[in-house]
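Annotated features, as they stand in Swiss-Prot:
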ACT_SITE  73  active site, charge relay system
ACT_SITE  121  active site, charge relay system
ACT_SITE  216  active site, charge relay system
DISULFID  58-74  disulfide bond
DISULFID  155-222  disulfide bond
DISULFID  186-202  disulfide bond
DISULFID  212-243  disulfide bond
DOMAIN    29-267  domain 'Peptidase S1'
SIGNAL    1-16  signal peptide
């Protein structure tokens, strides 16, 4: 029964998640752009303590009131973390935003930092306290288990990652339109080849828009037919040649491959 309840709250069946009070403004701007404030209300900034300051390192998605979904490669056992929710500007303490300590991190047991191409780049962060849901802080939905998006499906990556290779980190949350690249194409030798696995999603590769350093762990947001946004991907890796590289789309952990793992972690922790 507990497991069934967890699945019912996490998976995109109920409209209690994935429907922002302030819907995102989806323009046709090429490249990234400032997101409408609070239009991705499950987006979090994962920050670590360093020399008395808190520094943004990765993104994440609030999927339960005390659980955040992020990438395994974002987590180091030697660091102390917190998450910031309900925020548009990282430098401003905004009304309605909250900062919560991370009490526990659970990294996928098959994740190997020396074998990024094997996938399983997924982690869950348990928060020290539950986050109250408001018009600025809402839960992200998970897609149904096994869901595979078709080629050219429109999604949006969000985060505070660099605007370009070796570029500046933005203060304002960014959004970028990415088209899904199906596995048959992305695994072609002239694209990512065997580096890409079926537990991943490719999106982008147009040489213009991509995720970049600082976006890691954040969501690939894709809208379902019922207008509900679902977190289909977790920003995992890009090309060593740089961000926005042609035929080297951003690679995401495919969330729909890990529904059972997510439910099990939450149930047992």
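Any Cβ shown, glycine's included, is placed from N, Cα and C.
From a predicted model like this one, the values you see are computed outputs, not experimental measurements.
On the structure: features taken from Swiss-Prot.
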residue	record	Cβ within 10 Å
58	disulfide bond	28
73	active site, charge relay system	21
74	disulfide bond	25
121	active site, charge relay system	28
155	disulfide bond	23
186	disulfide bond	23
202	disulfide bond	25
216	active site, charge relay system	24
222	disulfide bond	23
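Within 10 Å of residue 58 (disulfide bond), judged by CA to CA distance, lie the following recorded positions from the set 121, 216, 222: 216. Confidence over the domain 'Peptidase S1' (29-267), given as mean pLDDT on the 0 to 100 scale, stands at 92. Taken residue by residue with DSSP, residue 186 (disulfide bond) is part of a helix.
Comparing Cα positions, residue 216 (active site, charge relay system) lies closest to 74 out of the recorded positions 74, 121, 155, 202. When the recorded positions 74, 121, 155 are ranked by how far their Cα is from the Cα of residue 202 (disulfide bond), 155 comes first. The separation of residue 121 (active site, charge relay system) from residue 73 (active site, charge relay system), Cα to Cα, is 6 Å. Taking the C-alpha atom of residue 121 (active site, charge relay system) as reference, the shortest distance to any of the disulfide-bonded residues 74, 155, 186, 222 belongs to 74. Note: the CA-CA distance between residue 222 (disulfide bond) and residue 186 (disulfide bond) rounds to 19 Å.
Reduced to three states, the DSSP call for residue 74 (disulfide bond) is helix.
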